[in-house]
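As annotated by Swiss-Prot, L-glutamine binding site applies to GLY46, GLU47, SER48, ARG110, ILE138, ARG139, with the evidence given as sequence analysis. Look at Swiss-Prot and you will find CYS78 tagged as active site, nucleophile, backed by sequence analysis. Taken from Swiss-Prot, the feature active site, charge relay system covers HIS174, GLU176.
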Amino acid sequence: MTVGVLALQGAFREHRQRLEQLGAGVREVRLPADLAGLSGLILPGGESTTMVRLLTEGGLWHPLRDFHAAGGALWGTCAGAIVLAREVMGGSPSLPPQPGLGLLDITVQRNAFGRQVDSFTAPLDIAGLDAPFPAVFIRAPVITRVGPAARALATLGDRTAHVQQGRVLASAFHPELTEDTRLHRVFLGLAGERAY
């Protein structure tokens, strides 16, 4: 099984390292053709407005939707979660509303956990994990609405931080910035369920 990491910007190298620690075959995705034969794809953290622009300019926007429709597992972390969302709030007032791929029935508020200087790590109880996960929040979004098709798997206080809808995961935090590979293992399990 081979999974991909969107490698346009952001923390893609760290995701690749975590996946390789688990023995997964990993391909960096920069072009639509790079999606061929993958079982899953991670959309990493970075800057969501830039990521949307690069996806659009690089011709990946619609192929990502097709990849999902064909059964590919997806996991968006931080900015990647924003890109997967149906509705995105809190973009710059000087820009038009930021589109999301709409593959996850959630509303996301950008940068809701604060600015770069407000970054923090917190133990997060995540459904399905046996112990708290050391979640790293950096200019992190908050999932403000979880639609009926999705389910919240973790909250920090009253803020949703991790959700799942079928074979799509979204995390408001950066799991790749820890040595803990449990969520990457969960993602590989979802990717392994793909039937070609």
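Glycine residues also receive a Cβ, built from the backbone N, Cα and C atoms like all the rest.
These numbers come from a predicted model, not from an experiment.
For HIS174 (active site, charge relay system), the number of other Cβ atoms no farther than 10 Å from its own Cβ, over all displayed protein chains, is 24. When Cα-Cα distances from GLU47 (L-glutamine binding site) are compared across the active-site residues CYS78, HIS174, GLU176, the shortest belongs to CYS78. Its Cβ placed at the centre, ILE138 (L-glutamine binding site) has 19 other Cβ atoms within 10 Å.
Take the Cα of ARG139 (L-glutamine binding site) and measure to each of the active-site residues CYS78, HIS174, GLU176: the nearest one is CYS78. You'll find the Cα of CYS78 (active site, nucleophile) roughly 6 Å from the Cα of HIS174 (active site, charge relay system). Set side by side, the recorded positions GLU47, GLU176 differ in how many other CB atoms lie within 10 angstroms of their CB, and the most is found at GLU176. The Cβ neighbour count for CYS78 (active site, nucleophile), using a 10 Å radius and every protein chain shown, is 30. Long-range C-beta contacts of SER48 (L-glutamine binding site), restricted to its own chain and to partners at least six residues apart, with a cutoff below 8 Å, comprise ALA79, ILE82, VAL83, VAL88, GLN98, ARG110, PRO141.
Within the set GLY46, GLU47, SER48, ARG110, ILE138, ARG139 that the record links to L-glutamine, no two Cα atoms are more than 13 Å apart, and one pair reaches that distance. Recorded residues HIS174 (active site, charge relay system) and GLY46 (L-glutamine binding site) have their alpha carbons 10 Å apart, per Cα-Cα distance.
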